[in-house]
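In what follows, a single structure is set out as structure tokens and then discussed.
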């Protein structure tokens, strides 16, 4: 038995590669890291790693985490810059008993001292998008916080070990040092190999109000199927936050238990990719259901074509 | 009905002041902030605010958070420097829909732009302790990570609103940018005014493996008394982590429900202070019990005298 699930269509190539590893007795940690590194490395995904979108000062600050479900060890970075693969830095930190969550300059310093690949993570495309947004804000006074598509993955290997990991460049145009849920245990991710794991994407400021990843794992521990656990945790908090805070931001969560069964809950349109020993890697699209049950359908070729076209819009056509 | 509970003996003067506010219809947020600011301001407490102990580079980096139990809004800072009251910065950030958790230079920049008091938080005493530790490490090669006494408070006001807040300078001699559980929702703190709140102190790296503050609130929401909820959450995770990770770090948690009933769980020797509409402010000492029930006793005058003498050791006597 093995499996891996991750947030957004962008995860799919990584899911395909990681599932080959898991099929061939690869480790859960290697599979999760492979999946996320592929997203970090791909220049057309604008919310994770290389080609991500910067903060309001034009600095691309990134957050990432790694959690081992066998031992609960966690590594995390927040506000790290100029490093090719934040998830690998987080994984390395998870081996430290102390100082395993590092932020700002201290995180970047650790990555440099340890020899992680240094890289200017801005591309010509992300620079152009930043310039366009600055102009737009000057003209229309927009304060637009869109774009918070974190990659979050949960993997299970044939030995029964599970890992959860995340990586994100956070909100486009965020304030310097802003951190969302991605590197925060319980909110952005959680995993227990004896139960299962979950990972989140959406508005970090609201996700950390609910500790939804922890709650989904806990509910799976009570015996719920991942789909039931994800729907119950996400929708009940969506309703609670709407009532108490006035509005709930975007929440999307993926979950997998230690048998490779999976589930997803969302309150927006949300794509994801999943594979296990019974199901070939596939992309799905999910939406909020009326009865607090997420609606999940296979992705269409039409959707994929439109997505491909959108992310690869020629740079001179951006903003037109 | 009203109440406030906070971690460590150091919280007591703040608990006395905050309980006067709550008695006179003060707000839960003001009471929690008052309590924590008094600890931040007092130069003899070496793990919070002014007079705190620095990281290995000699920089005093601080973490703090504030959560409103009515709306779930959260503000947090991590790795902030040169600001007199990190908890007040966190409270101010909790009013922001976006960018409410800021780390590193971005957190310090926010505090400066918003006019929060700028202050060199190192004292002659903390400089001396840093110098002594450097010498000691040179001589004995010690890698001593002691001193992680976060102030964490949970307050309930007469209108039924609840707040949780924390402040810490983290591990003495931590690596630059190291962050513990204090500013992390669910691990360092959590509160829901319809249920209750909890806050933690101890080894942040291990506390964030368990999301214990969230779990205690959740168990109180199932109807458990705060003492029962704290013991159940803390001891079951202590045992689980000991089995799976090999060892559990120091965990101490305080909890209060929305009736002002309180509870405490710990796996070390732990002092705390509490007051409510039925009980005068008092300091207690807690210890791990054999049967997964925390033992709580009133503090003795002898303990208090020894503590006072220890924290006020003349500077020229330190290390002797």
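Using N, Cα and C of the backbone, Cβ positions are placed for all residues, glycine too.
If you check TrEMBL, you get these features:
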- B:150: active site, nucleophile (ACT_SITE)
- B:178, B:179, B:180, B:181, B:201, B:202, B:203, B:204: substrate binding site (BINDING)
Legend entry - Residue pair residue B:178 (substrate binding site), residue B:150 (active site, nucleophile) - Cα distance, angstrom, rounded: 14
Legend entry - Cα separation, residue B:150 (active site, nucleophile) to residue B:204 (substrate binding site) (Å, whole number): 10
Legend entry - Same chain, 6+ residues apart, C-beta under 8 Å of the C-beta of residue B:179 (substrate binding site), given in sequence order: B:63, B:78, B:79, B:103, B:170, B:204
Legend entry - Among B:202, B:204, the most crowded of the binding-site residues [Cβ within 10 Å]: B:204
Inset, instruction - Measuring Cα to Cα, tell me the gap between residue B:180 (substrate binding site) and the residue listed as 'active site, nucleophile' in whole angstrom. - result: 10
Inset, instruction - Could you tell me which of the binding-site residues B:178, B:179, B:201 sit with their CB under 8 A from some CB of chain A, listed in sequence order (or 'none')? - result: B:178, B:179
Legend entry - Among B:181, B:201, the most crowded of the binding-site residues [Cβ within 10 Å]: B:181
Inset, instruction - Measure the Cβ-based neighbour count of residue B:178 (substrate binding site), defined as the other Cβ atoms within 10 Å of its Cβ. - result: 29
Inset, instruction - List the Cα distance (Å, whole number) between residue B:203 (substrate binding site) and residue B:150 (active site, nucleophile). - result: 10
Legend entry - Max pairwise CA distance, angstrom, over record-listed substrate binders B:178, B:179, B:180, B:181, B:201, B:202, B:203, B:204: 16
Legend entry - residue B:150 (active site, nucleophile) to residue B:201 (substrate binding site) - Cα separation in whole Å: 5
Legend entry - Packing count at residue B:150 (active site, nucleophile) (other Cβ atoms within 10 Å of its Cβ): 29
